[in-house]
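Handing you this structure, nothing more for now.
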Amino acid sequence: MSTMNTKASSGGEEEDLGMKSETLGESSCLGEVKKRQTILVAYLIVTLELTFLFMQMGVMPYLAKSLSLDSVGFGYLQTTFGVLQLVGGPIFGRFADQFGTRAALILSCASGSAFFLLMSISTSIPLLFLSRLPAVFMHGLPGAQKVITDLTNPSQRADALGKLGLCFGIGIIIGSALGGVLSTKFSIFVPTYVGLVGNLINTMIVVVCIPLQAKPKSDHRVTEHSSSQSGSVFSIREILHLMKFPGVMEVFIVKVFAGLPIGLFLIMFSIISMDFFGLEAVESGYLMSYFGVLQMVVQGLVIGKLTNNCSERTLLRLSVFVFAGVGLGMALMRTVWHYCIIAVPLVFAFSMLGTITDSILTKAVPSSDTGTMLGICASVQPLTRTVGPTIGGVLYKQFGVSSFGYLQLVVNIGLFVYLLKNKIPLREVKS
């Protein structure tokens, strides 16, 4: 009898264990579904924000002109926007680390609403400059990157971050076209009204669909090296502390300098397209759409496959090497058709460099500091936009279009040799 009871007891325990394992499996499955849904919502949020941003970029020159702002004044306006984004990137990242990703995305969308509200009532030059102030916290892209970083394994991260390029491409194509249509058919202020309403809707999407705490609980353990929980959001010392982790400074330097020459070229592109290529405004618009499609194809189809089959060190070297080849092509190009051919490796290298360096840098710091690291990464483009007009203007005026290509070639050959000779430690910091 006791034997039978023992068997019955053991059978019951096995049944309980089986039921528990099934429950755990189901909850794990539900957790993965929830993660995927949250990441998809992050893609939607950043797509909408970039669409509204590119929509106003196309309208801004005409709005400035209607207020009698000359080209020098417009340059100051663009520099103001760049400086605010440059300063705000790391601060926004620390805010995300300390108060959570949802709070950071709400701040970004609310800042976007204030940006478009002030822009919609900009009937004078001082008001137009004032409308740039909310840009200091408009960082939807780093916010979405933070969501993805928190919810993906390190092996999946580069692929998931790369797909944000699809959002960027959609934003360029739809935003540029929509801004032109709305301003032409209705009024120059209508795109700003659409941007205002759109950002309010985006804020509601964040509140409803982004979890209060997106990061898994196991990732919230703060390591002894973490800086996110110490000091204020505005602590420069704590932000710069992340540069001391192995490999971070080296990879960040490569990220900044590899894309700097092409960044200078793109800043001057509106002038180059008119003077050097002889394009009309409509043709320039078509060229921008071509870039958007290229970026969508590269980031949506190519980068994910490469990150799954090649090491990040190899892909970092590859992007720098391709950038050097792009520089040679730019130095030799003479027509817009040459540029359309060069654009293919250019978009590949640009997208690959951004995705791989972001992935490497977020793995090199504690998970509690990934927001700050992404904020620092996000400051690279505003830095280029800030110094670009001056340096790019001098290069173009004194040496012509080919100077951008030769600079790109020399800088990236130097970086490629550096990456070959120096084995940068690409170690993942455990949280």
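Backbone N, Cα and C atoms are what each Cβ position is placed from, and that goes for glycine too.
Curation plays no part in TrEMBL annotations; they are all automatic predictions.
What TrEMBL records for 35-426 is domain 'Major facilitator superfamily (MFS) profile'. Marked as region 'Disordered' by TrEMBL: 1-20. Feature annotation from TrEMBL assigns transmembrane segment to 40-63, 75-93, 105-129, 160-181, 193-214, 252-272, 284-303, 315-332, 339-357, 399-420.
For each feature listed, report its degree of burial, its nearest neighbours and the pertinent distances within the displayed model.
Tertiary neighbourhood of the transmembrane segment (40-63): same-chain residues 74, 77, 105, 108-109, 112, 116, 119, 122, 128, 138, 140-141, 143-144, 147-148, 163-164, 166-168, 170-172, 174-176, 178-180, 182-183, 188-189, 191-192, 194-195, 198-199, 201-202, 205-206, 209-210, selected by CB-CB distance under 8 Å and a gap of 6+ residues from either end.
Counting residues 6+ beyond its ends, the transmembrane segment (193-214) has Cβ neighbours under 8 Å at 34, 37-38, 41-42, 44-45, 48-49, 51-52, 55-56, 100-102, 105-106, 109-110, 112-113, 115-117, 119-120, 140, 147, 150-151, 178, 182 in the same chain.
Taking Cβ pairs closer than 8 Å, the transmembrane segment (252-272) reaches residues 243, 284, 316, 319-320, 323, 326-327, 330, 346, 350, 353-354, 357, 361, 376-377, 380-381, 383-385, 388-389, 391-393, 395-396, 401, 404, 407-408, 411-412, 415, 418-419 in its own chain, all 6 or more past its ends.
Sequence-distant contacts of the transmembrane segment (284-303) (same chain, six or more residues past either end, CB-CB distance under 8 Å): 158-159, 162-166, 168-170, 172-173, 176-177, 180, 270, 273-274, 336, 340, 343-344, 347-348, 351-352, 355.
Beyond the transmembrane segment (315-332), the same-chain residues lying 6 or more positions past its ends with a Cβ under 8 Å from any Cβ of the stretch are 251, 254, 258-259, 261-262, 265, 306-307, 338-339, 341-342, 345-346, 348-350, 352-353, 356-357, 360, 401-402, 404-413, 415-416, 419-420.
Long-range Cβ contacts of the transmembrane segment (399-420) within its own chain (Cβ-Cβ under 8 Å, at least 6 residues beyond either end) map to 254, 257-258, 260-262, 264-265, 268, 272, 276, 316-317, 320-321, 323-324, 326-333, 392.
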Counting CB pairs under 8 Å, which listed stretch among 75-93, 160-181, 339-357 touches the transmembrane segment (105-129) the most?
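Most Cβ pairs under 8 Å with the transmembrane segment (105-129) come from 75-93.
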The domain 'Major facilitator superfamily (MFS) profile' (35-426): mean pLDDT?
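Here the mean pLDDT over the domain 'Major facilitator superfamily (MFS) profile' (35-426) amounts to 81.
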